[in-house]
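Sequence annotations record features per position, and here Swiss-Prot assigns domain 'KARI N-terminal Rossmann' to 2-182. Residues annotated as NADP(+) binding site in Swiss-Prot, with sequence analysis given as evidence: 25, 26, 27, 28, 51, 83, 84, 85, 86, 134. Look at Swiss-Prot and you will find 108 tagged as active site. As annotated by Swiss-Prot, domain 'KARI C-terminal knotted' applies to 183-329. Positions annotated as Mg(2+) 1 binding site by Swiss-Prot: 191, 195. Per Swiss-Prot, the feature Mg(2+) 2 binding site maps to 191, 227, 231; the stated evidence is sequence analysis. Residues annotated as substrate binding site in Swiss-Prot: 252.
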């Protein structure tokens with residue numbers, strides 16, 4: 001079982017007298033920066049010269065600098081730009097501005113685990129990864145609560161890397177909920193597997209296959225969408241709130257019986273074998289290599305083509321029309 005840490009295990013005073021540069025001001029960046037600021041930490045924000053987020057940073061009471069300048073000013077650098085942009089940004093703006101004793105931080109292990117970023121030996125390399133979207137990290141903090149987070153230490157040059165990870169996690173509010181210790185490798189491999197086999201790849205293909213099966217059998221696309229796609233949120237919310245037991249308690253006995261007798265016909269031994277292959281391709285770096293090549297290709301043509309093809313599926317058109325009926329979805 002994972003070991004849990006809380007605010008009582010963290011020493012936020014370790015961050016006193018240090019400057020934290022949060023690189024990026026998107027979903028996670030704005031939450032980290034504002035939470036740290038409200039925790040009394042000296043925070044600056046690093047952005048590209050052309051970033052449109054500078055005004056928002058200033059409106060939030062923070063100071064924005066070009067990424068290279070922010071990195072040079074900082075003792076702790078948290079990189080919160082998309083994975084595919086991190087390596088180039090690191091080489092162009094951060095690497096030459098690192099000093100011995102600095103702390104380099106990430107919220108996902110991809111670029112360290114797959115050696116797209118190789119920091120010098122005299123800096124700490126740490127992960128602090130909240131297990132929730134940035135707006136939740138921020139809103140929970142403001143309400144006096146927090147979102148659980150993972151911490152990991154890849155390189156402990158200072159001898160205090162774990163303590164710094166805990167301090168930072170506490171500063172963004174994670175210590176109020178719970179902090180779990182992991183490794184860069186474990187976080188990276190499980191995160192990628194969960195996305196590909198279950199949360200994104202697995203779920204979308206399952207919903208799409210169900211929709212297509214009903215439509216091919218002559219059922220109305222709108223009914224197929226309701227039964228195979230729209231109602232997914234109802235089930236996931238129940239599981240999120242109380243696990244499979246809560247979900248099964250809340251659904252009809254007919255649905256529960258169908259769960260038991262049919263689920264294993266859909267997720268078969270062959271499916272599990274394929275899942276193991278997917279995991280192996282993540283572990284041995286095959287997936288990462290393919291994704292890195294894709295991002296280096298001009299225009300990311302294959303990726304854009306797949307995105308376009310999926311956007312043209314019938315379920316997208318049907319769903320868009322049905323969502324017009326749902327007043328609670330309208331902002």
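Note: Cβ is positioned from N, Cα and C throughout, glycine not excepted.
Separation of the C-alpha atoms of residue 252 (substrate binding site) and residue 227 (Mg(2+) 2 binding site): 15 Å, rounded to the nearest whole number. For residue 231 (Mg(2+) 2 binding site), the count of additional Cβ atoms within 10 Å of its Cβ stands at 11 [all protein chains shown]. According to DSSP, residue 51 (NADP(+) binding site) sits in a coil region rather than a helix or strand. In terms of C-alpha distance, the listed binding-site residues 27, 86, 191, 195 place 191 closest to residue 108 (active site). Rounded to the nearest whole angstrom, the C-alpha distance between residue 51 (NADP(+) binding site) and residue 195 (Mg(2+) 1 binding site) is 29. Taking the Cα atom of each, residue 227 (Mg(2+) 2 binding site) and residue 195 (Mg(2+) 1 binding site) are about 23 angstrom apart. Per Cα geometry, 84 is the residue among the binding-site residues 25, 27, 84, 231 nearest to residue 195 (Mg(2+) 1 binding site). Residue 191 (Mg(2+) 1 binding site) carries a helical DSSP state (H, G or I). Across all of the domain 'KARI N-terminal Rossmann' (2-182), the predicted model scores a mean pLDDT of 97. Other C-beta atoms found within 10 angstroms of the C-beta of residue 227 (Mg(2+) 2 binding site) number 14, with every protein chain shown included.
Sequence-distant neighbours of residue 86 (NADP(+) binding site) (same chain, 6+ residues apart, CB-CB distance under 8 A): 79, 106, 110, 111, 116, 117.
You'll find the Cα of residue 84 (NADP(+) binding site) roughly 33 Å from the Cα of residue 231 (Mg(2+) 2 binding site). When the domain 'KARI C-terminal knotted' (183-329) is classified with DSSP, helix, strand and coil residues number 128 helix, 0 strand, 19 coil. Remark: residue 25 (NADP(+) binding site) has 33, 45, 47, 51, 53, 56, 57, 64 as non-local neighbours, by Cβ distance under 8 Å and separation of at least 6 in sequence.
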